[in-house]
Amino acid sequence: METGRIIKLISGVYQVDVDGTLYDTKPRGLFRKKKFSPIVGDIVDFEIQNTSEGYIHHVHERHNELKRPPVSNIDGLIIVMSAVEPDFSTQLLDRFLVIAHSYDLEPSILVTKKDLASENEIEQINAWLKIYEEIGYNTQFVGKHTSQQEVVATWPKGLIVLSGQSGVGKSTFINAFKPELNLETNHISKSLNRGKHTTRHVELFERESGFIADTPGFSALDFGHIDKDELKHYFIEMNRFGEECKFRNCNHIKEPKCHVKQQLENGYLAQFRYDHYIQLYNEISNRKVRY
């Protein structure tokens, strides 16, 4: 029995990496009976057959799991945004951050295409990134002249997931780091100002200190698993301020003696962050119940 990590899934075949050696495997029938499917990132025990093939017998317990796209055992999540084409959006960034925290992931922020942005755009983005840094996020702002190897060297060891909408430069960034991968890159649809999808499945690529994942681009984010009363925990500065609210179940909207709203009035909480919280809170409150 061998132990390795699933790095790719195509047409029911799971490619497992064991110290650089790849095996094409399939799960045993017992997984179907349990209605459980392995996913990319899983650590598995498998039996080798025919030298390079095998059958998966056991999936180790996952220490975390991203649902969309499905990836497990993530050590770091890099949310990739672009300065332009598509334009940088704090609203979209905050939604990615909420999703990350809801799955107990530690996100960092990477903004690309600095070389394509105007001086005013760069100044505005730097001001926003300063706010995110003060909240506690690691941020990076890079262009085509930035050393990608130096940027990657600052990331956590282990499995790193790159996440973000299409067209922001995820595949381009990986290609620059490891050109032999030659991933297909996105171009921007002029009519929609959005990237056309070229990464259609999750795949892990080996890097010096672990793996890096290129994930399908997101055009919509699903908050179906998040309850409105837990949303406040995923705006981490509000979560800290909320510890001093008079009522433990305070949602920081109309409740009296709310410390979060007091911090907002005093300038210690960014207005745009609070606005995004209220908007998302209302969306979750008004969604239709799923049966």
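Each residue, glycine too, has its Cβ placed from N, Cα and C.
Worth saying up front: this structure is predicted, and the values here are computed from it rather than measured.
Pulled from Swiss-Prot, these are the features on record:
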DOMAIN    63-221  domain 'CP-type G'
BINDING   T112, K113, K114, D115, G164, Q165, S166, G167, V168, G169, K170, S171, T172  GTP binding site
BINDING   C245, C250, H252, C258  Zn(2+) binding site
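Structure coloured by features recorded in Swiss-Prot.
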{"residue": "K114", "record": "GTP binding site", "Cβ contacts under 8 Å, 6 or more apart": "A83, I122, F141, V142, G143, T146"}
{"residue": "C245", "record": "Zn(2+) binding site", "Cβ contacts under 8 Å, 6 or more apart": "H252, E255, K257, C258, H259, V260"}
{"residue": "C250", "record": "Zn(2+) binding site", "Cβ contacts under 8 Å, 6 or more apart": "G242, C258, V260"}
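In the structure shown, the C-beta of T112 has more C-beta neighbours within 10 angstroms than that of any other entry among the binding-site residues T112, S166. Residue density at H252 (Zn(2+) binding site): 24 other Cβ atoms are found within 10 A of its Cβ, drawing on all protein chains shown.
All protein chains considered, the CB of G164 (GTP binding site) has 25 other CB atoms within 10 Å. Listed in sequence order, the residues G242, K246, F247, N251, I253, E255, K257, H259, V260, K261 complete the 8 Å Cβ shell around the Zn(2+) site centroid, once C245, C250, H252, C258 themselves are left out. Each of the binding-site residues V168, C258 was scored by the other Cβ atoms within 10 Å of its Cβ; the lowest score goes to C258. Around K170 (GTP binding site), taking its Cβ as the centre, 31 other Cβ atoms fall within 10 Å, counting all chains. Looking at the domain 'CP-type G' (63-221) alone, the prediction's average pLDDT is 82. In the three-state DSSP reading, T112 (GTP binding site) counts as strand.
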